[in-house]
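Asker: Handing you this structure, nothing more for now.
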Amino acid sequence: MANQDFLNEINKRRTFAIISHPDAGKTTITEKVLLFGQAIQRAGTVKGRGSNQHAKSDWMEMEKQRGISITTSVMQFPYADCLVNLLDTPGHEDFSEDTYRTLTAVDCCLMVIDSSKGVEDRTRKLMEVTRLRDTPILTFMNKLDRDIRDPMELMDEVETELKIACSPVTWPIGCGKLFKGVYHILRDETYLYQTGQGHTIQNSRVIKGLDNPELDEAIGDDLAVQLRDELELVLGASHEFDHEAFLAGELTPVFFGTALGNFGVNHMLDGLVKWAPAPMPRQTDMREVTAAEETFTGFVFKIQANMDPKHRDRVAFLRVVSGMYDKGMKLHQVRTKKDVVISDALTFMAGDRSHVEHAYPGDIIGLHNHGTIQIGDTFTQGEMLKFTGIPNFAPELFRRIRLRDPLKQKQLLKGLVQLSEEGAVQVFRPLANNDLIVGAVGVLQFDVVVARLKGEYNVEAIYESVNVSTARWVECSNEKKLEEFKRKNEQHLALDGGDNLTYIAPTMVNLNLTRERYPDIEFHQTREH
């Protein structure tokens, strides 16, 4: 039986990620969340070049230049009686694979929507991913300090496009220059907004009760009447908050505010710690593992190279699923069947590292990795099980990487293999020639690869177009048929970074014809790590 202190530690944990379309304000909201967790004293706004106060979570050189989050940062902070683990995910179009894998390591998501735009393409894609595991979702309608779309319309759009019921928890009073604050439906309180307080925690004036004459005085008679009318309509037409439906991923509580003005973020955080689940069970190939089990298990969902420019290292991010990590404990790496002693695991505050003595289910720890750990690796205290559901996606874009200095072929290969293990890009080595082909989900990834090859491996490379339109991982239980397939299709076959056989098709037509010609061969669009 697990002891009470251990169970208390588990029940305190909340592990969540923020999902949004680029520029909906995700990095800003991350900053403000950390400010409330007292992790940083003054929030640095994400700005273009030239501003020296960069956001805490965008710490890689290229991110600083471009003002976008490229790699997933992990931050832990206390809030109310809980310990919150926040995984910041790249909102930029090109990093969906990294984002996707991060969503396998959380128990809850916060969806940030730009209220002037509504539901955007990237948000739709990410919501599809959360659907695969029915992850509970909280929603923050951002940018109330600008002119926004009608709030009822915004909620309707979320319901119809994302197929999730909305339950408003707070309701906005005006917007743009006329934004006065929000009314908290569950608390029956109005919180008034002050401008110019974005970098600190606001002490909002609170007015109790919707019929309080103080409210009319504070926001003006017209807005007060409008607020009461709107609320009558909203409460009649929207869903009441239902905790079971929220945990099942069927209903989302909706909060309104402005991350830049640091208003409304605390209401969302209050909801998160109150309603989001403590660390959830995870499925393995053998059985389900629950958080309260006493033996340690965990899985690697991301590898980050060179978190410390001073040290040429890589760090594997591991989500603790059950048991407790103790400094110096011996763990079993299931894939390699080797035991390793972990004495220097890290916790993170986006790029600042500190060594950790203990970690509990729901926590994310960093393991130093000298090329022996891969994405999807399971660590246990001896049990031979493997966590499932951490996929690799077939890339959609391909380029050939070419060296400016042909003598650096060895460094190039080393750099590309490391970047592919980290999941930044996928590398394919064709069987028929010495080309190196990289595959990505978005164009920006190629720029990142070239920049990192130069900055971290001192390799000057350029990429050029290549006649590949899609890739599929190939499997066949019949050895003889697989050998025949390989012999006849060598010019279209390659090995990926993990030496898995891959069919690289010049066109979709070619892929479909090959499929018909070889019915015994399986072509997979995703591959479990």
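Including glycine, each Cβ sits where the backbone N, Cα and C put it.
Quick paste of what Swiss-Prot says about this protein:
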{"type": "BINDING", "residues": "20-27, 88-92, 142-145", "note": "GTP binding site"}
{"type": "DOMAIN", "residues": "11-280", "note": "domain 'tr-type G'"}
Asker: Tell me the Cβ neighbour count for Asp23 (GTP binding site), meaning other Cβ atoms within 10 Å of its Cβ, over all protein chains shown.
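Answerer: There are 18 such Cβ atoms around Asp23 (GTP binding site).
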Asker: In DSSP terms, helix, strand or coil for Lys26 (GTP binding site)?
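Answerer: The three-state answer is helix.
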Asker: For the domain 'tr-type G' (11-280), would you mind checking the mean pLDDT of the predicted model?
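Answerer: A mean pLDDT of 83 is what the predicted model shows over the domain 'tr-type G' (11-280).
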Asker: What does DSSP assign Leu144 (GTP binding site), in three states?
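Answerer: The three-state answer is coil.
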Asker: Is it possible to get the count of other C-beta atoms within 10 angstroms of the C-beta of Lys26 (GTP binding site)?
Answerer: 29
Asker: For a quick check of packing: other C-beta atoms within 10 Å of the C-beta of Thr89 (GTP binding site), how many?
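Answerer: I count 26 other Cβ atoms within 10 Å of it.
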Asker: Same chain only, sequence gap of 6 or more: which residues have a CB within under 8 Å of the CB of Leu144 (GTP binding site)?
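Answerer: The list for Leu144 (GTP binding site) reads Ser115, Pro172, Cys175, Phe179, Val182, Phe256, Gly257, Thr258, Gly261, Phe263, Gly264, given in order along the sequence.
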